[in-house]
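To start, the structure itself, in structure tokens.
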Amino acid sequence: MANFDILEDLKWRGAINQETDEEGLRDYLAKHDDLALYCGTDPTGDSLHIGHLIPFMILKRFQLAGYKPVIVIGGGTGSIGDPSGRSTERVLQSEETIKHNEEALTAQMVKLFGTENFRIVNNRDWLGKMNLLEFLRDYGKLFQVNNMLNKEVVASRLKNGISFTEFSYQILQAIDFYILNRDHCVQMQIGGADQWGNITAGIDLIHRLEGADRPAFGLTIPLMLKADGTKFGKSAGGAVWLDPEKTSPYEFYQFWINQDDRDVIKYLKYFTFLKHEEIDALEEKVKTEPWKREAQKRLAEEVTKFVHGEEGLKEAQTVTEALFSGNVKDLTTKQVEIALAKAPSAESGAEKKNLVDFLVDTKIESSKRQAREDVNNGAIYVNGDRIQDTDFEVDPAAAFDGKFVIIRKGKKKYTLVHIKG
């Protein structure tokens with residue numbers, strides 16, 4: 001990877017918002033192959049979401065280029081609360097919850113980065129040992145309150161108020177960078193655009209305590225916005241999680257495959273490891289054959305495989321194809337639950353029932369007359385089979401372990417009927 005210019009690659013991918021010292025960083029990369037860089041994440045939940053992928057993709061690119069990524073889990077800072085991007089005070093979590101979240105996040109990070117040339121550390125290990133007098137004497141005196149007040153993350157909160165606890169967060173994050181630089185030879189911090197002030201505070205602290213010539217760099221990532229101006233990272237159903245129990249591989253795949261033509265190339269550059277020429281070719285396809293959605297399919301494949309592996313991708317594609325073709329009978333019971341989790345649902349008993357009665361009783365049809373008309377016109381499918389016989393009996397035990405009957409009306413209108421009793 002000696003001839004690979006990672007900074008130019010990051011620029012091409014639209015991954016750099018600000019850098020503290022590009023010339024110094026280039027000089028360091030030219031002379032050293034041991035660059036270590038980090039980003040932090042506080043254990044505010046028990047799963048990562050796709051917003052976390054934004055900094056993690058930068059770390060992963062550096063890892064693939066032979067450098068050493070480090071992730072700091074904020075067991076210490078997480079008990080305080082980062083004010084960045086918030087207009088109100090965070091609700092503090094219990095120590096038990098924080099530790100549970102730390103374990104869950106660690107497992108997900110190892111899945112993304114492996115264990116080779118990658119480290120996870122917890123800032124509880126150094127912040128938790130520091131007493132108040134040490135904090136004030138060794139670090140507090142190096143921070144000017146007027147400078148801290150001018151940081152955007154604090155200034156934006158002054159009108160509505162900010163606690164001393166959250167006000168001090170930037171000092172704790174600066175200490176993180178200093179400790180990592182001093183004890184773990186970490187030279188660079190990356191973060192979102194709103195972390196610029198915290199990152200530069202850490203670099204200033206390193207230079208004050210270790211000397212101005214100590215290598216310390218910072219890089220921030222642009223705010224990821226969709227073409228419609230809204231913030232990237234949410235679906236209509238809320239956050240898109242990396243935990244397959246919270247967001248199934250199928251739902252995850254669907255999030256990416258449904259991206260707008262105006263956004264898909266930007267996301268291919270940022271969230272995949274495809275080469276420039278591959279992405280350029282897909283960009284041409286978007287212009288000439290947008291209806292094929294080849295770029296979206298490739299995006300969904302690459303990101304789903306990265307997060308959920310080949311098995312997760314295969315499951316997502318199997319479910320997607322079954323719903324698209326209408327051939328749902330080969331899905332497993334679990335796959336049906338995943339595929340139709342957000343579809344309209346109804347309940348019915350376990351006994352066999354005439355199709356027309358079944359459709360009316362489950363409120364899929366408003367009347368028997370309408371039900372007969374739709375059946376006769378071939379608009380009704382039971383477990384993937386088109387039924388045009390109004391005397392047909394629905395047997396709930398016939399498929400999906402007797403748990404479900406899938407009714408499709410027309411091309412795409414699915415209802416998942418849960419069988420009770």
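Note: Cβ is positioned from N, Cα and C throughout, glycine not excepted.
Annotated features, as they stand in Swiss-Prot:
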BINDING   Y38, Y169, Q173  L-tyrosine binding site
MOTIF     43-52  motif ''HIGH' region'
MOTIF     231-235  motif ''KMSKS' region'
BINDING   K234  ATP binding site
DOMAIN    353-419  domain 'S4 RNA-binding'
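Positions of Swiss-Prot features highlighted on the structure.
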| residue | record | Cβ neighbours (10 Å) |
| --- | --- | --- |
| Y38 | L-tyrosine binding site | 25 |
| Y169 | L-tyrosine binding site | 23 |
| Q173 | L-tyrosine binding site | 27 |
(request) Within the motif ''HIGH' region' (43-52) only, compute the mean pLDDT. (result) 92
(request) Give the maximum pairwise CA distance in Å, whole number, for the residues Y38, Y169, Q173 listed as binding L-tyrosine. (result) 18
